[in-house]
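Novice: Handing you a structure now.
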Amino acid sequence: MQKNRKNVKKKLVLIIIDGLGLRFESQGNGFALAKTPVFDRLFQEYPNSLIAASGQEVGLPEGQMGNSEVGHLNIGAGFVVYTGISIINNALKTGKFFENEKFILAFRHSIKTGFPLQIMGLFSPGGVHSHQDHLFALIDFAANFGVKKLNLHLFGDGRDVGPKSIKPWIKMLNLKLKNYENYKIASISGRFYSMDRDKMFDRVELGYNALLGKAENTFTDPIDYVNFQYEKGVSDEFFEPAINLKVNKKDFLADDHPVIFFNFRPDRARQLSHLILQTDLYEQKPKNPIKTDVFVSMMKYEGINCLVAFEEMRVENPLGKLICMAGFRQLRLAETQKYAHVTFFVDGGVELELENSDRILIDSLKVQSYADFPQMSAVEITDKLLEVGQKYDFIIMNFANPDMVGHTGDLKATIKAVEILDFQIGRICKWAEEKNFDFFITADHGNAELTEDENGNPSTKHTTFPVMLISSDKTIKLKSGKLANIAPTILDYLGLDKHPDMDHDSLIIKDK
């Protein structure tokens, strides 16, 4: 790693826009339909290229939409990071899934104690936080191993898939459960309750209580309950926690019951896991605590001490670490919704303590729908950059509003979010020129460019469209690539060597 700065002419900001892909069709396209004079000028006058941000190009299954966690991991790593879903799918393909010692430990505990096995997680084929195929495999594995009682606690998705799409999957699940006498859907709740990541513990505790068999809403048929929620105008994401009256009260989650949480993505699994295990990760403690020593997470949940079924791919030398070793002073800047992504995820999925590195968190608005506040904290993030940015050599920042507003499926709100973002990018362009900064702009995955499906219905999920890479330096040319090329590109631009772990190259076209 080069220690001198003699080749570095300017300081650099990496602007990561969350959920903004590039799509030619204008229908339902919150980016194309927005008035974006700044982006228009950048695309016309500055070096830019297309970046693959989904599927096998980022370590996901073919055709799988990208997501924020995977996107930031790949941006920082300099190589394709194979994460949760790919690792688990490969274990299913090779059969090693059905030899997993952590699952077997939970099964044996259930058989030995007579307590039901409690399996919980996001029930959809979305592939961002979980996949229902993994649940189906767990059910078969448990049954073949001899587990007699099994309770399922399903979290409605409605974001990474259509907002009202769970019914056919529950019907599939019911058909499977008919083969097993004491395997039941014990509770249903929306991810809004069970998968919060913003310390909304009043909300999370409602999801937690449903695991314990404590909820205001009840059902005897899960399909009937879904229909009841739809009639109230409630989509999958916001299902009010409910419990199955056909499940014996003593069979809901209680002391010493074995638990498997089949979400592989950690960020939205940590708070609920904390309530069950009563960790030191958060101050909040459950009003109805239970104790269990057999809690299996699909992948590692940072800060949660439990059994981990599958080991993650390690990123030992991410971009931020190399920048630190070169003596650059760094800043990471984002609002709450994406703060973990510009710190934990872009640093390889670990909490790195880097010298000469500061982190600034701007609070996200605590609202039920960002469609009502499409600006989110974009203005405050830009204000903070303009206030303190000149003190740093290298800055990674994130704008969350295209993604979070895109998740609402509200086209008008998404257009507004993009227009607000465009204005903030314009402010940064002016500031960068005044303060002698260069910048690269990219995105972690698509979303805002497709807020309606072909029938005009809201689309709330991510996409497989490519994203942008824009440089403020008109003296260079960029070729197309994938997110794993971004770290080598930045290091190359700054005159620094990439680490040998980084098997992807810079996208800056060299003169022959």
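Each residue's number is its place along the chain shown, starting with 1.
Heads up, the Cβ atoms here are built off N, Cα and C, so glycines get one too.
This is the feature table in Swiss-Prot:
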- Ser68: active site, phosphoserine intermediate (ACT_SITE)
- Asp18, Ser68, Asp444, His445: Mn(2+) 2 binding site (BINDING)
- His129, Arg159, Asp160, Arg191, Arg197, Arg265, Pro266, Asp267, Arg268, Lys338: substrate binding site (BINDING)
- Asp403, His407, His462: Mn(2+) 1 binding site (BINDING)
Novice: Please report the Cα separation of Pro266 (substrate binding site) and His445 (Mn(2+) 2 binding site) in Å, rounded to an integer.
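Specialist: Given the Cα positions, Pro266 (substrate binding site) is 18 Å from His445 (Mn(2+) 2 binding site).
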Novice: Which of these binding-site residues is closest to Asp444 (Mn(2+) 2 binding site) if you go by CA atoms: Asp160, Arg268, His462?
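Specialist: When the Cα distances are compared, His462 comes out closest.
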Novice: Which one is it, among the recorded positions Asp18, Ser68, His407, His445, that lies nearest to Asp160 (substrate binding site) by Cα separation?
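Specialist: Nearest candidate: His407.
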Novice: Measure from the CA atom of His445 (Mn(2+) 2 binding site) to the CA atom of His462 (Mn(2+) 1 binding site) and give the result in Å, rounded to a whole number.
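Specialist: Per the Cα atoms, His462 (Mn(2+) 1 binding site) and His445 (Mn(2+) 2 binding site) stand 7 Å apart.
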Novice: Looking only at DSSP and grouping its letters into three states, which state does Asp403 (Mn(2+) 1 binding site) belong to?
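Specialist: SS state of Asp403 (Mn(2+) 1 binding site) = helix.
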Novice: Taking the Cβ of each of the binding-site residues and counting other Cβ atoms inside 10 Å, which one has the highest number: His129, His462?
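Specialist: The largest 10 Å Cβ neighbour count belongs to His462.
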Novice: Which residues, in sequence order, are found in the same chain with Cβ within 8 Å of the centroid defined by the Cβ atoms of Asp18, Ser68, Asp444, His445 at the Mn(2+) 2 site, excluding those residues themselves?
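Specialist: Other same-chain residues with Cβ inside the cutoff are Ile16, Gly19, Ala53, Gly66, Asn67, Gly71, His72, Lys338, His341, Asp403, Ala443, Asn447, His462.
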Novice: Just the number: how many Å between the Cα atoms of Arg268 (substrate binding site) and the residue listed as 'active site, phosphoserine intermediate'?
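Specialist: Counting only the Cα atoms, the answer is 12 Å.
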Novice: Under 8 Å between C-beta atoms and at least six apart in sequence, can you list the same-chain neighbours of Ser68 (active site, phosphoserine intermediate), or say none if there are none?
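Specialist: Correct list: Asp18, Gly19, Lys338, His341, Phe345, Asp403, Asp444, His445.
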Novice: Other Cβ atoms within 10 Å is the metric here; tell me which of the binding-site residues Asp18, Asp160, Asp403, Asp444 scores highest.
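Specialist: When each Cβ's neighbours within 10 Å are tallied, Asp444 leads.
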Novice: With a 10 Å radius around each C-beta, find which of these binding-site residues (Arg197, Arg268, His407, His445) has the fewest other C-beta atoms nearby.
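Specialist: Counting other Cβ atoms within 10 Å of each of the binding-site residues Arg197, Arg268, His407, His445 gives the minimum at Arg197.
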Novice: To the nearest Å, how far is the Cα of His407 (Mn(2+) 1 binding site) from the Cα of Arg197 (substrate binding site)?
Specialist: 16
Novice: Write out, in the order they occur in the sequence, the residues of the chain not among Asp403, His407, His462 that have a C-beta within 8 Å of the mean position of the C-beta atoms of the recorded Mn(2+) 1 site.
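Specialist: The answer, listed by sequence position, is Asp18, Gly19, Ser68, Arg159, Pro402, Met404, Gly406, His445, Asn447, Ala448, Thr460, Lys461.
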Novice: Could you tell me which three-state DSSP class Arg197 (substrate binding site) falls into?
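Specialist: Arg197 (substrate binding site) sits in coil per DSSP, no helix or strand.
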Novice: What three-state class does DSSP give Asp160 (substrate binding site)?
Specialist: coil
